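Chemist: Pulled the feature table from TrEMBL, pasting it below:
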- GLU157: active site (ACT_SITE)
- GLU394: active site (ACT_SITE)
- HIS156, HIS160, HIS166, HIS393, HIS397, HIS403: Zn(2+) binding site (BINDING)
- 71-255: domain 'Peptidase M12A' (DOMAIN)
- 308-492: domain 'Peptidase M12A' (DOMAIN)
- 1-20: signal peptide (SIGNAL)
Amino acid sequence: MLHLILAALLLAQSAKDVASGPLREDSDATTEDWITRVLNYMESNPETLEELMTEDYAVTEGDIMLSSDRNAVDSVWPSTRIPFTISPESESRTWSILSAMAMVSRHTCVSFHRRTSETNYLTFVMSKGCASFVGCIGGEQPVFVGPQCTRGNIVHEILHALGFDHEHTRSDRDQYVTVLHRNIMEGKERNFQKAKGQTFGLEYNAASIMHYGGEFFSDNGLPTIVSKEEVMNMGQRKKMTDSDVQRVRLLYSCVASGPLREDSDATTEDWITRVLNYMESNPETLEELMTEDYAVTEGDIMLSSDRNAVDSVWPSTRIPFTISPESESRTWGILSAMAMVSRHTCVSFHRRTSETNYLTFVMSKGCASFVGCIGGEQPVFVGPQCTRGNIVHEILHALGFDHEHTRSDRDQYVTVLHRNIMEGKERNFQKAKGQTFGLEYNAASIMHYGGEFFSDNGLPTIVSKEEVMNMGQRKKMTDSDVQRVRLLYSCGTL
Ligand SMILES: [Zn+2]
Ligand SMILES: [Zn+2]
């Protein structure tokens, strides 16, 4: 039966899904053009704010000339174990900061740990943009993390702090890219000046997380940097390239120089490992962790604030979908998740042809979805760790279902232990209004959180009052999960 469904779904796939690109970044026609352009620019290029805010900082802290010092400083940290603190007002960014540090430490011998009494350390502080000194400057060293700075932006700043300049300022860059000085904002030409620096004999890497994007500091929307060879990801802030990893290893004399290790680094502080393990074993909790980044990258969508507000049932039980090219490797996971939903209900899924409202499965860091039909192209986020069960969970969100543990009557069945919940994540445990169809509370629902979701300390965040074997399970839809889909979509008896 399952095979038949999958075969049918595959047959329905006639053409490639052309219209499955990223969300819109188009400007608002009603707003003054230039204001919109500035806003879009700031939101899509938060790092360029490192310069825009530099002046302010130099003023606020008159003894530090951030801009003039930056390229002069070239100090390697005295140890590969870097102490850090996070300032109180940046605590809400803790997870992005930790996961940025984890990205660096995972593949290199550089590790990060909370400062106790060390003299030289990084302090992550709130700011308008993302910014950093280059190299170890001694003492308390700020790394600026504005609201728009994504995990990748923070990695970029940490690499500055470790001693790395921008890749496009390499002295041999003219062999690889053309800098179009006529398009550069007045006063920002120096950001494109070549700098002396150790290249370790590594090839120029236009896809480096330390390379500017093609339109950074453009005055007119035209390119400021063009690569001579075709480069897919110039200016990307998603991940460290092999070359980025190699240069950290070489600068800090890490022993391993082979391919990227996927295992966590034993030399890394325990708590970083715990974070990584946590993220990998609870991919769904990344729906929240990635929200901030997503809201930034695609500034027109406030995922977190929209999620619980939307409550629309799809107009038909036949739901069109597309799978974005970069998610094609997850096709079987996605199809079998849809099969689990359609098998027991009257809701079915088919490849989109020209329908207005449809789901698009897109690549992401975690698993995430809007709640209900939001209209138009509606993304469902499927990260590498999302299992079939996680995808079913997200599809049920998309069909209109909230988390079971947010039912208004939940306190009769479970106890929420607020003291163990991560700071800033309390709202994931807030009760929500919603139709329960008179069905019993179901702690084993595929829509219920597990006992330690968003735990700050490893202790439970939700405890069931009755014994429940499978709270937080993501294996299958329970009878109750099936019933509520049938009721919401008026399936009748099957
Ligand atoms: Zn930079
Ligand atoms: Zn969920």
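Just so it is clear, glycine is given a Cβ too, placed from its N, Cα and C backbone atoms.
TrEMBL annotations: computationally assigned, not manually curated.
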Chemist: So among HIS156, HIS166, HIS403, all listed as binding-site residues, which is physically nearest to GLU394 (active site)? Use the C-alpha atoms.
Modeler: HIS403
Chemist: Tell me the Cβ neighbour count for HIS403 (Zn(2+) binding site), meaning other Cβ atoms within 10 Å of its Cβ, over all protein chains shown.
Modeler: 21
Chemist: Taking only same-chain residues 6+ apart in sequence, whose CB is under 8 Å from that of HIS397 (Zn(2+) binding site), what do you get?
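Modeler: Result: SER369, PHE370, VAL371, MET447.
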Chemist: Would you kindly give the Cα-Cα distance separating HIS393 (Zn(2+) binding site) and GLU157 (active site), rounded to the nearest Å?
Modeler: 35
Chemist: Across the domain 'Peptidase M12A' (71-255), what does the mean pLDDT come to, as a whole number?
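Modeler: Across the domain 'Peptidase M12A' (71-255), the average pLDDT comes out at 86.
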